[in-house]
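Now, the feature entries from TrEMBL:
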- 43-59: compositional bias 'Basic residues' (COMPBIAS)
- 1347-1390: compositional bias 'Basic and acidic residues' (COMPBIAS)
- 1400-1415: compositional bias 'Basic and acidic residues' (COMPBIAS)
- 1506-1517: compositional bias 'Basic and acidic residues' (COMPBIAS)
- 83-171: domain 'S1 motif' (DOMAIN)
- 187-258: domain 'S1 motif' (DOMAIN)
- 281-367: domain 'S1 motif' (DOMAIN)
- 384-453: domain 'S1 motif' (DOMAIN)
- 473-542: domain 'S1 motif' (DOMAIN)
- 567-638: domain 'S1 motif' (DOMAIN)
- 660-729: domain 'S1 motif' (DOMAIN)
- 967-1040: domain 'S1 motif' (DOMAIN)
- 1080-1153: domain 'S1 motif' (DOMAIN)
- 1161-1229: domain 'S1 motif' (DOMAIN)
- 1255-1327: domain 'S1 motif' (DOMAIN)
- 1-62: region 'Disordered' (REGION)
- 1325-1462: region 'Disordered' (REGION)
- 1480-1517: region 'Disordered' (REGION)
Amino acid sequence: MANLEESFPRGGTRKIHKPEKAFQQSVEQDNLFDISTEEGSTKRKKSQKGPAKTKKLKIEKRESSKSAREKFEILSVESLCEGMRILGCVKEVNELELVISLPNGLQGFVQVTEICDAYTKKLNEQVTQEQPLKDLLHLPELFSPGMLVRCVVSSLGITDRGKKSVKLSLNPKNVNRVLSAEALKPGMLLTGTVSSLEDHGYLVDIGVDGTRAFLPLLKAQEYIRQKNKGAKLKVGQYLNCIVEKVKGNGGVVSLSVGHSEVSTAIATEQQSWNLNNLLPGLVVKAQVQKVTPFGLTLNFLTFFTGVVDFMHLDPKKAGTYFSNQALSHLSDSKNVFNPEAFKPGNTHKCRIIDYSQMDELALLSLRTSIIEAQYLRYHDIEPGAVVKGTVLTIKSYGMLVKVGEQMRGLVPPMHLADILMKNPEKKYHIGDEVKCRVLLCDPEAKKLMMTLKKTLIESKLPVITCYADAKPGLQTHGFIIRVKDYGCIVKFYNNVQGLVPKHELSTEYIPDPERVFYTGQVVKVVVLNCEPSKERMLLSFKLSSDPEPKKEPAGHSQKKGKAINTGQLVDVKVLEKTKDGLEVAVLPHNIRAFLPTSHLSDHVANGPLLHHWLQAGDILHRVLCLSQSEGRVLLCRKPALVSTVEGGQDPKNFSEIHPGMLLIGFVKSIKDYGVFIQFPSGLSGLAPKAIMSDKFVTSTSDHFVEGQTVAAKVTNVDEEKQRMLLSLRLSDCGLGDLAITSLLLLNQCLEELQGVRSLMSNRDSVLIQTLAEMTPGMFLDLVVREVLEDGSVVFSGGPVPDLVLKASRYHRAGQEVESGQKKKVVILNVDLLKLEVHVSLHQDLVNRKARKLRKGSEHQAVVQHLEKSFAIASLVETGHLAAFSLTSHLNDTFRFDSEKLQVGQGVSLTLKTTEPGVTGLLLAVEGPAAKRTMRPTRKDSETVDEDEEVDPALTVGTIKKHTLSIGDMVTGTVKSIKPTHVVVTLEDGIIGCIHASHILDDVPEGTSPTTKLKVGKTVTARVIGGRDMKTFKYLPISHPRFVRTIPELSVRPSELEDGHTALNTHSVSPVEKIKQYQAGQTVTCFLKKYNVVKKWLEVEIAPDIRGRIPLLLTSLSFKVLKHPDKKFRVGQALRATVVGPDSSKTFLCLSLTGTHKLEEGEVAMGRVVKVTPNEGLTVSFPFGKIGTVSIFHMSDSYSETPLEDFVPQKVVRCYILSTADNVLTLSLRSSRTNPETKSKVEDPEINSIQDIKEGQLLRGYVGSIQPHGVFFRLGPSVVGLARYSHVSQHSPSKKTLYNKHLPEGKLLTARVLRLNHQKNLVELSFLPGDTGKPDVLSASLEGQLTKQEERKTEAEERDQKGEKKNQKRNEKKNQKGQEEVEMPSKEEQQPQKPQAQKRGGQECRESGSEQERVSKKPKKAGLSEEDDSLVDVYYREGKEEAEETNVLPKEKQTKPAEAPRLQLSSGFAWNVGLDSLTPALPPLAESSDSEEDEKPHQATIKKSKKERELEKQKAEKELSRIEEALMDPGRQPESADDFDRLVLSSPNSSILWLQYMAFHLQATEIEKARAVAERALKTISFREEQEKLNVWVALLNLENMYGSQESLTKVFERAVQYNEPLKVFLHLADIYAKSEKFQEAGELYNRMLKRFRQEKAVWIKYGAFLLRRSQAAASHRVLQRALECLPSKEHVDVIAKFAQLEFQLGDAERAKAIFENTLSTYPKRTDVWSVYIDMTIKHGSQKDVRDIFERVIHLSLAPKRMKFFFKRYLDYEKQHGTEKDVQAVKAKALEYVEAKSSVLED
C-alpha cells in the first residue's frame, strides 16, 4: 500500500519544480550500455534522467491544457535545484575537480572531496603526513573524459563574474540516498565507489545506509583485465554494479561488474522502482504515447510517463537549438536580434564554441564579436604571440588582463614596463586596452603569463619559444631574471632561459655584474651555443654586426686558453681587488684569472690579511691553476696544495684513487650532512658528518669553513658514479709527528705575516711603515691617553702620532693609571688588519731577564695573547715571548669551549728556537693539554666594570648599608682627590663623594676647586643625593636600593647654612635635566678629559649632568686648537655657553668662544670640506651648518693660486658675512676675522657695482673668453668686460691664443674705463698704458723664451730661490686653466720618475694619473718647488712642441738615458738640490737644524764682512761643484755614503747592492760585504724574487771565495729555503765548476739528480759538466739514466740537447749519429732538423750541410714548414754558394710548388 501511495498520491498532482523540463537520452547514445534496439522506434528504451519530482505522471491530465511546446521545454540552469539527480558525462578531469557535461549543453563541477568518503579520508591522511600516499590515485587516474556518471546537484552558486555555477556530487551517499536497504533487489543497476581492498574482493560504497556491498575478486577479474589494464581496483574507483544477491533483508549485498551483465541490465517492475527512488541512468523499456515537433511522450515501467526532447531524438542530428537560453549567442545584443533571420534554409556564418558530450551536439555562436575573436581557448594561444586585452585589476602580484570571453592572463610586476614600476596604477587603469606579448601559456592549468615590456612587444627579432629554436648566432631580445657574480640568467618565452657568463657581459671587464645589470632588464643577446637535450644555452651580450671579426676573438681566446693548464704553476700580476678575491693576469700572456681570498693561504685568518695588503701591480709567484670553466680561470696559492702538485702526489683522474690514500685538498662547500672536499686536479669527494671529526659534530659549519685546506683519507670509492667518501678525522689523517706539523704550520703562518709586513713597508704611509717594523717583544715608552669603560688603556706617544696602542684590562696588570702618565710597555702583537698594537704593562714582560735558553728545553709559560691560528705566551722564568701554534694538523680547527685557551692560562712549552728571529718571537710547541693550568681569579678591586666615571676608590665598601637620608649633615675624612670629585670616608666606613661643583659657591674661572681640599682633612658636608653603583643613576630616597647608594655630598657654604638640597631632580631622566638649559645660557663646567679620538673636551656641569665641547668651539686661536691639552687642565673650571643638547640628547653641547649660534658678524672656526677650483671653499661648522667662501674672500691680498694652501679638514677662521636663505656666506679676510690687527687691505671687497669708481685700478681673476671680449671677475657677484682692443697691444689673429694665455682664474690688474649703473656694466682695460703693468700677451710670449733659457741653466746652477721665482712666473704665464697645474693636486705632489723627463708632456700626465690610481692617499705637499716646475714644464712640452723644437734636443742631450727605477716610498725626490737632501732623511732633521743655527752665530763673531763674502762665494762654488758632480749621470760612487744614497734610491736593484759588496771586497772588508748582502736581503721587496736570488748567488760566491765550507753550507741552506731550490742548486754547481772545485760540483750534481730527477735541466747541466771535464763515457751514461727517469714526452728534447753538447764539447761524429738516429725515429720533428742544420753549419763541412738540406726539402711536411726550410737553404747558398747554387735552390722550390699544385688539381 505504501508503494501504491507513493506512486499514486491522493488529491492529484503535487506542486512540482518546473515539471515540463524532464529529458531523456536514447540508448544508442549511451556509451556505457551499448545494446542494440530490440523493438522498433515505438518500443525505445529510455534512460531516465530527472529526479522523481520532475517525472510526468499518467494522471496529469490537467496539465495537458498547457502548450505542447512548454511541455518539452529543455533543461536550463534555472530549472535545476539542490538534490536533483542527473546523468552526466565527464568532460574534463583536473587535479582537484571534474567538469561534468549535463544534458542540454549545461555543465557542472565535482570537487575532489565529493567522490566518496573513503577517498576523502585518504586525502586528509596525505595532507597530515605531508607525503604522498602510494595507494592513493589522482583524479586523472580515476576518471577519464567520456565516462557516464550519476550526479546530484549539491549547490547552485553565482561566480565573481555573475555566472551561475552548478556544484555536483558523485558521492554514493548522496546519489543513492533515496534507496533503503529493504528496497534493494537483485538485478538493480547501481553506481558505487571502491572503499577498501579485502583479501577476497573489494568493499564497495553504494551509499545505502545499513548495507555492506561486496564485490568478489572473481566477479571483478574481467573488468580489471578489460577496463583497468590488469591493475587492481583502488580506493575511490567509480563502478557501475549489478546487485547479484541480497542477504539479510538488504544487510549484505553481493555485486558484479561484468561488462555483459551491466550492459544488458534493464530496470523492471519486479525491482519495484517508485517515484522517490528512481535513479538517472537506468535503462527501461518504454512505449511511445505521443509525437510532437518538440519531442516524444513515453510510457515506461507501467506507471511512469516521461518526455524525450528534440535534442535527444536522433543521434545523427547536429544543429543548434532554439530557446531563450541560446538567445545569448544569436547576436551581439538582444536589441539587434531579428527572429525573421532564423528561418529554415537560411545560411549563417557561425563559430563552434563548445561541444556537449551529453547531447553529442556542437554549440555554436553567431555573435560577430566571437566569430572575429582572436582566441577562444587557452589552447589557441602560442607563446610569443602579441595579444590585445583589457585591464581587469591591479594586485600586488601583478596585473590581470582579460584576453577573451573566458580567458584572462597575468602580467607580473616585473613585466609591467621596460623598467620596474613603483606605482603601476598611475599608468594603467581598469578597463584600459593593452597590447601584451605571451610569455607562457599552459592550457591544462589555464595559466597565461604575459609581458607589457615595450621592447619585447615591438621587437622584430625572432622569438625563442623552445631550446630547439636557439641556433648559434641568432640575435633576439630577452629579459634578465637573475644577476649573479658569475653572470646573468636571461629568460625568453615558454620558460626557455640561458646563461650569459661573466666574460660575455661586455667587451670591457665587469667585476661586479650586480651593479651594472638589474632583474627585469630587457637585453639583446646572441646565442653562442645550445644543447636542447640538456636544456642548456650559452648567450652573449657582445653583439657583433659582421661575422668575420667574431671568429677571430674566438680563436684568440682559444689560443689564450691553451697557454694555461689545470695543475700548472704560474706567476700572476694583481690587476684589481674585488670583495671576495683578486682579479689577476697570468704572466706572460696576461690571461685574466681569479684568485679567491680563501685560496691565498693555508691559514684561514691570513687570507683576508693578504687580500687587504696586496695591491694592483703586485706579482705573486708559484700560483696553481685550479680549474678553467667557461673561460674563467680559478687560481690557488695555498702552499700545501702547491707542494702536493709539485711533488706529483695529486691523482689526476679517478682510476688513480684507492681507499686508504691520504690527499691534500680544500673545503669546496659545507652541507648539513657533511662537507665536500675538492683536490687540485678538480676531483672531489664527500666527507660525511659521521667521519668528519673525532669529536661529536653538532653543526658542520662549526668545524670547517669554505676554502680551508684539509687532509683527507679516502675510505670508499665508487668507480661507476665517480664518487668517493673521505674521512677528515685526525685519527685517520695523520701527517706525521704532531710537534713537527705544529711547528711547520706556525713557521708558515709567521712567514706569511712577514710577507704582509714587507708589503706594508712598501706603502707610502709612515704609519703603515712603522707598524710593519714593529714586532712583538719591542719596548716602547708611551703616555696614557685614556682608560676605557671596559678597563682597557689607550696610549699615545708612539713613534707615529695616529698609532693606536691598547692594553686590555688583563694587560693593565691591575695598575692605577691616569691619562698623561708615562709607562714602559712591551708589544705583544700588531693587528695588521685593524692597524692596532696590543701592548702589556705586566712587569715580568717589561723587565725581561737575559738568560741563555736551550733548544728543546721545556718551560712553563703564561698565555698573553690569542690569534686565530697561534698564541703568544711569556716564559715564566725569563719573560721572553714565544709563539706556539694552536693547531697541530690542518683539520684540527674545532675546540669545545672547555678546550679553548684563555689569556692568563698557564701552558707547558718546548722551545724550538732560542733566538727571536725577524718575527721577534721564539718558536715553541705546546706540551700535553694536561699540563695546562687555569688563570688565577681576579682581585676584588678588579671585579667591578670600570665605567668611565667610576673611581676605583668608590668601589670599595659599596656593599655597606647606610641609614643616611637627603639633607643629613655628615662628617668625614678626605680619602683621595680626583680632578672632578673628592672621595670622602664617613663614619662606619661608608664612602661618599663630593663633586667639584659642590665645593665653592662661586668658582673663579681657570681654578680647580678640588685642590682646595687636602687628603686626610676632616670635612663637614650635607647629603644631597645617592648614586646607585650598578646603574650610576641618582635614586630617590624612597627607592629600596637607596640604602646601598654612594652618598653624594656638598660642602658649599651656602648649602651647609640654608639646608636646601641641590639634587631635587634626582629622579628625572638625563634628557629632562638637559632640557632645563637654554641655548645661550652661561654655565660653569669642570674639565674631565680631552677625547683625542672624538676631538672634544668632556666636561661635567653637575654630578649628574655632563657636557661636551667640540674642539672648534674651544677657542678662536689656532695655537690652542693645535694643542688643546696645553691650554686646558683636567679639573679646571671653565665658563661655557650652552649650544643645546648633542645628538645623543644625553650630553649638553657647550662652547667656549661665546658663540652659540651662527649669526651675521660672528667669527667662528670651521673645517674645510671641499675645495672648488676657481670658485672657493665649502666649510662645515660644529653646529651642523655649511658655508661657502668665495675666492675673493680668501685674503685681503689676492694671489695667483688663492686655493693652494687649503685642503679638506684644514681648520679656518671665518667671518659670517650673511645668513640669507639658510646659506652662510663667509670671509677669511683678516680685516674681517681680526679687525684689531688693522692689516693693510690691498684688494678691497667689491660686492656690487656701487663699490667701483671710474678710473680705479683693480685686481681680479679672468672669467672666460667671449667673442666680444674677456670677462673679468672683480668680486663674488661683479663681472667686468674688457673688449679685445683693450686687452693687449698685440692683437693676435687667432682667438685661441687668448684662451691659451688668459686661462680662467688668472690674476690680472685692470683699470675701470666706464660704468653703466642702469645696465650694471663695467668696462675695463688691461693695456699697459692704463694699468702700468706689462702687456698681458707679450709678457707671456717673452716668458716662453726666458723660460727656455732658464731651463738650460737649471742643469748648471740650481739656486732654489731663483727657481721658485722662475717657477711662479712660469706658472703665471703658462697656465692652461688645467686643474692639474693650478690646484695643489696629487700630480704636483708626486715626485716625477726620471724617465718622465725624456718623454713628451702627454706621457708625463698619464704617469701622473697612473700614480694617482696606485696611491690613493695624496702625499704631503712637502716637496721642493722643483717638482712643481717639472710638472709645469713637461706639461707644456706636449702642447707647445712647435714653439720649442730648438730646445728639446738639447734638453734630451743633457739627460742621458737612465735605467728605469722604482718609485720610492715617501720623502725622497729624484731631483732635489743638496740643501733639501737632509730633510728627506727624518732622523737627521733635528741635528741639521741645530748645526745651521750654530754656524752663522760663530761666523758673526769672528769674521769681517769681506771675509764673509769671500767665504760665501767659495762655499757656493764648492756647493755647485758637488751638485754638478752629483748630477753627472756617468759618475761612479766613490764611498760607502755614495752607495748608501744609491741603494736608498733604488732599494730593489740587485746590481747596486752587488757593486756595493764589490766595493767592500776591493778593500778586503769581507764582514762588511757580508753585512751589505744581509741588508740587501732584508731590504729588497719579497716580490722581487730574481733580484733577491742575485744577492743570494753573490753571497754564495763570497762564501765560496772567502769563507769556510761550513759558512758556505749555511748560506746555501738558507738560500734553498728562501728561493726556488732548483735555481740555487744550479747556481752553486756553476760556482763550484768555475772555481774548479770539481769534486764538490760532482757531489752536488748527484744530490740534485736524486732530488730533481724529473727536471731535464739538471740532467743536461750535468751532461755538459761531464763533457767539459772530458768524461764522455760518463756523459753517455747520464743520458741513458735521464731517459729512464724523465717522462717520454721529454726524451726527444733531451737527446737533441745532448747531441748539441756533443757537437760543442765532445765528438762531432757521435753528435751526428745521435741526430741521425733521432730523426729516423721522428722524421717530422722540424725543431730537431733545425738544430741539426745549425750545428752542422757551425761545426761541419759545406757538403754535410747541403746533404742535410737536400734531405729536408724532400720530406713530406706542411707547406708552411717546407717554405721555412727552402728559405733557410736559399739564405745559406746566398751566403756560402755561387749564383748557380742559388738558382738551383730556386728551381727546386719552384718544382716543389708545381708538384703541390698539380696534386691539388688532381
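Backbone N, Cα and C atoms are what each Cβ position is placed from, and that goes for glycine too.
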Number of helical, extended and coil residues in the domain 'S1 motif' (1080-1153), per DSSP: 12 helix, 36 strand, 26 coil
The domain 'S1 motif' (967-1040) - residue tally per DSSP class, helix then strand then coil: 11 helix, 31 strand, 32 coil
Contact check, the domain 'S1 motif' (1161-1229) vs the domain 'S1 motif' (967-1040), 3+ Cβ pairs under 8 Å, seq sep 6+: no
Arithmetic mean of per-residue pLDDT over the domain 'S1 motif' (1080-1153): 84
Counts of helix, strand and coil residues, the domain 'S1 motif' (384-453), according to DSSP: 6 helix, 34 strand, 30 coil
Secondary structure content, the domain 'S1 motif' (660-729) (per DSSP, counts of residues): 7 helix, 35 strand, 28 coil
